[in-house]
Amino acid sequence: MRGSIMILLDEDTRCLVQGITGKQGSFHTRQMLEYGTRIVAGVTPGKGGQEFLGVDVYNSVEEVTEEMDVNASIIFVPAPFAKDAAFESIKHLDLVVIITEHIPVHDSMQIMEYASRMGKTVIGPNTPGIITPGIGKLGIMPTHIFTEGTIGIVSRSGTLTYEFAAQLTEAGFGQSTCVGIGGDPVTGLGFVDVLERFEDDPGTDAVVLIGEIGGDAEERAASYIEQMSKPVFAFISGATAPPGKRMGHAGAIIEGGTGTASSKREALEAAGAVVVDRPSAIVDEIRAQLGVR
């Protein structure tokens, strides 16, 4: 049996899509269904009673939970309405994946505070989501670059996740689960949360951590990596970024001498992680560390 509760997505995950009738929601719902994800309902206020690709659409999350067993949600709702959508999911469901970007920081803070109070798990916002190859995905990642295996990936960057996954797949290293934690300053699950799950997951033999400049998430991850029994390989993007300039993500900014690529690299290496300078170097390092050719 593939999958594990430790890594968030398994055969028992039954998901609804908030914003299923919108452009992004409808496109990615089709992709998720084709990959085998169990999408059991959609939610768009005012569109209840409709159907999309055989999936019934409801007006609210509560309506869905009254009629069927569902335990996860993925949100494609526009930023101004994302907080209300997230609150609705967090109230009723265990796992909420927020794809939406440009959510105001104050809204994100309220979402995370509510999720913490309710004991629920949030991935994102501004995330590509999560994929467990061979099981399903709750997200927007291109599925053809992923394959089943034992390498876990946790990342702040969607596109770099794809680059590393493609490198691993081409070299014959499949992935257990890949989690995008999101590129915003305020997110749900962080590096440490996901690393803990990978450490406990029998289906994961090693982990690739993809960080970037800004904040201290990688430094906090390093403090946990010291305790891990599984090898961790890391990459930090933004090494050439000038201080004070935001690079791509809202969270990718160096301020006050903290959050630099060099400080993150030093912390990770001191914790025992193998840090590479470019995605193409990851395969050789994994081969060397795991003793495979």
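A Cβ is built for glycine as well, from the same backbone N, Cα and C atoms used for every other residue.
Under the three-state DSSP scheme, Lys47 (CoA binding site) falls in the coil class. Feature annotation from Swiss-Prot assigns CoA binding site to Thr21, Gly22, Lys23, Gln24, Lys47, Ile99, Thr100, Glu101.
Annotation source Swiss-Prot lists substrate binding site at Tyr162. Tyr162 (substrate binding site) counts 20 other C-beta atoms within 10 Å of its own C-beta, drawing on all protein chains shown.
Annotation comment: Swiss-Prot describes His249 as active site, tele-phosphohistidine intermediate, evidence class sequence analysis.
The Cβ of Thr21 (CoA binding site) has 17 neighbouring Cβ atoms from other residues within 10 Å, across all protein chains displayed.
In the three-state DSSP scheme, Thr100 (CoA binding site) falls into the coil class. The most densely surrounded of the binding-site residues Gly22, Lys23, Gln24, Ile99, Glu101 is Ile99 (count of other Cβ atoms within 10 A of its Cβ).
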